[in-house]
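See below for the structure under consideration.
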Amino acid sequence: MTERTLILIKPDGVTNGHVGEIIARIERKGLKLAALDLRVADRETAEKHYEEHADKPFFGELVEFITSAPLIAGIVEGERAIDAWRQLAGGTDPVSKATPGTIRGDFALTVGENVVHGSDSPESAEREISIWFPNL
């Protein structure tokens, strides 16, 4: 089934020079880039994106990090795009859950700065795409 998902290459992925390799991995997997935008996220967008974590102690730190430097927001589409992207990304904890060969397993060291984000369901993808790309 063809799906669309939001991807973010977070500020650590951009500032550490991993954008080209991450995009290459997406394309090698057979996924298509439907939209790609380099931007500095504003606080309102970041807070909407992470609203499910608003009552958690790390919320402020998460918003500060995601708005701290440029990031890449993108839409990836293809057959089972959500699962395919999550497989490429690896587990959210890059040391204990992300295996080598995944983006997080290869490029990240902490849960807070784990290089990429991807929607975890079709519903999340629809919501997140509308936040980051309201005109699409």
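Glycine is no exception: its Cβ is also placed from the backbone N, Cα and C atoms.
Feature annotations, courtesy of Swiss-Prot:
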- H117: active site, pros-phosphohistidine intermediate (ACT_SITE)
- K10, F58, R86, T92, R104, N114: ATP binding site (BINDING)
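In this structure the C-alpha atoms belonging to R104 (ATP binding site) and the residue listed as 'active site, pros-phosphohistidine intermediate' are separated by 10 Å. In this structure, the C-alpha atom of R86 (ATP binding site) lies 9 angstrom from that of the residue listed as 'active site, pros-phosphohistidine intermediate'. Of the listed recorded positions K10, R86, R104, H117, the Cβ environment within 10 Å is emptiest of other Cβ atoms at R86. The local packing around F58 (ATP binding site), expressed as other Cβ atoms within 10 Å of its Cβ over all shown chains, amounts to 12. Fewest other C-beta atoms within 10 Å: among the binding-site residues T92, N114, that description fits T92.
Cα-Cα distance from K10 (ATP binding site) to the residue listed as 'active site, pros-phosphohistidine intermediate': 7 Å (rounded to the nearest whole number).
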